[in-house]
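Per TrEMBL, the features are as follows:
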type   : residues : note
REPEAT : 89-123   : repeat 'PPR'
REPEAT : 253-287  : repeat 'PPR'
REPEAT : 354-388  : repeat 'PPR'
REPEAT : 424-454  : repeat 'PPR'
REPEAT : 455-489  : repeat 'PPR'
REPEAT : 588-622  : repeat 'PPR'
REPEAT : 725-759  : repeat 'PPR'
DOMAIN : 814-884  : domain 'DYW'
């Protein structure tokens, strides 16, 4: 350390001066030297102490020792302690201990601590603080435990504060509860420093409920205490709760403002985040590097670069030096906006291009599909002899995952092994995801097995990998093998069950999840659950889960509300779906699409069109799915001219190229309406090869309108596509049979047998008393099968009185699954309740006729969802108008 010039020592005090005054004068002068870093002055005063005979005074020796250490003169301090201080006391050792800790000589501090003949609470606190400052939180906590066991000192406020900071940094909730108990035992909870540390500790341990209860007991919370709660509220209860606290704060510092800017940005409320930064500036709070980093990150999510460029100008004007965090945010801003020239310009202007900036630029190119450029940047990074960064490697491996580039992925794997970066958890996780996405589960699991350290992402990646491969048992094996699970892991397993048709197992798992103390369901949990309820048609369970979302405050989350709209729609409750839609203030494109799709599935084409047009009027831009939904609505309702208009608008107005789903809807629309030739012409003009769905739509229309010649052409195309779906074969066999061509019908069935294609079994299911009941044609497995068949026979006799004549058909058609479900519903559900039934195949003509008549003779309402759409039967008619 450079010595500060120091004037000659003052003349000796007059003889009349007392010994106490002389000692105090020397002590003040030494403290001044320490505060100013004046090493030469401290040495001069040391000499003067020797000259006047005060060098052996322990008080002045301790003060001199502190001065040397404050000046960073560790050798002087050591010589003083070892040679001059004959009788060091506990204060002497504490001063030296503190000096070692502050100067980074922690091993020397530990050695001194171990040989101290006596220790007090300051000794323990100094060592704990030294460990904490050097980020050795576990060692700090072990020191706290040793202090408690030694019994030679009682902890004070600083002791508890240091222990709680260490516990919070590690995130040990169990230890946090023990520390709370100790604080209460020593009656220290009313100390402001301890109270603040308690709140901060539980926020960091993610027990925000307990932190909030402790927070309200703090009489005058400090800004730090309030800032801790801001973080807790934002992460747990949502940014609106944090805003309430922020608005109530009597004073705020730059940290408070930065926290809110960051919280708003991370929650996707970009405009509000930027407005907060503007308000912060207008109130005279100086924007710092953290403010600009959060604000620029928010700007990167905006569709235009206007805000970002203004902030960039402010950064240049107001910051004396652009640090790596701000620079990385600027690179991300321009890279996400596809302004790679500007991104590279910022990057090249950096004097110290750190790994973060490299990684952000590489990631920016990857996100915009510029894979080759990202690889070139990575190679340039290596050529400049940058330390191979684990995050850059992980980012590039993720790019291989997106492109399914297994070859380059393996090369990067080899590079990870050679460089030793394979030990980094984030790198191994990326490799697991890459191999899993490329279908190489064996390599993915091999990497997982040899990992020395695994995190939640590692386990979740394996669960997701086997889930995507359809191996639910293996996914559950990994799930059960985890010692610690978080909400992401639970969501992955829930999703695995529900995505692969095991909805009941997934919904049962939700009950187990609720019993976990440290797991709180989030919006992903509820979106997944509502999908399961929608697939099962589980109305009552869906209502219960909606009640849960209300309790935790997630019902207003847009994604959750969208899932509720879809669930209500798929459960046949289109009116409730519309109420949720109208209640939702922050509608996104998914909200609009969900409502349009709901009306389309219910055959309410005009209402679907109304929602679509309303979306356009409100300035929302439709996407690919929006047009699939509205065209489907037109198809189910026979709105030919409207459908044609929207099909043309899609390309001309919104520049969306029609895809297979749009062509399939149009073929279905034209075919159902009897425009078979026009439908065939549209297929011939398709820019891509027609799929089985397209030809299937034409084949179905040909059956409706009796065009056997065109049906044969469509069937031929379907058979050549080798579609494994039995529906097309069964439909063509039926067309031949109806036309009296029994040999041709038999030939189609033989072709099915030769190809190993089996008829898809039809089944229906419904929810009664929170249990899902499944029915198959001629099924005898249901415990009430005899009563159900007797009820069905009774119903058939009643509708026969209305003129219904049973067609010549196999017995299985008499006991089709939906007829059995109707009989069971009438037996099991109260008279006022509509009967909701789901079916995996399209409802047949006979069942459609029978259920219409049953709705007439019983006065009951039936809502049936088949593979294509909803049918609402009431009073002898169906909502589809026999057009399905």
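Glycine is no exception: its Cβ is also placed from the backbone N, Cα and C atoms.
Tertiary proximity for the repeat 'PPR' (725-759) is limited to same-chain residues at least six positions away from its ends with a CB under 8 Å from its CB atoms, namely 692, 695-696, 699-700, 702-703, 708, 711-712, 715, 718-719, 841-842. Sequence-distant contacts of the repeat 'PPR' (455-489), counting only residues of its own chain at least 6 positions beyond either end whose CB sits under 8 Å from a CB of the stretch, comprise 425-426, 428-429, 432-433, 436, 439, 441, 444-445, 448, 495-497, 499-500, 502, 516, 518-522, 524-525.
Using DSSP to sort the residues of the repeat 'PPR' (253-287) gives these counts of helix, strand and coil: 26 helix, 0 strand, 9 coil. Broken down with DSSP, the repeat 'PPR' (725-759) shows 25 helix, 0 strand, 10 coil.
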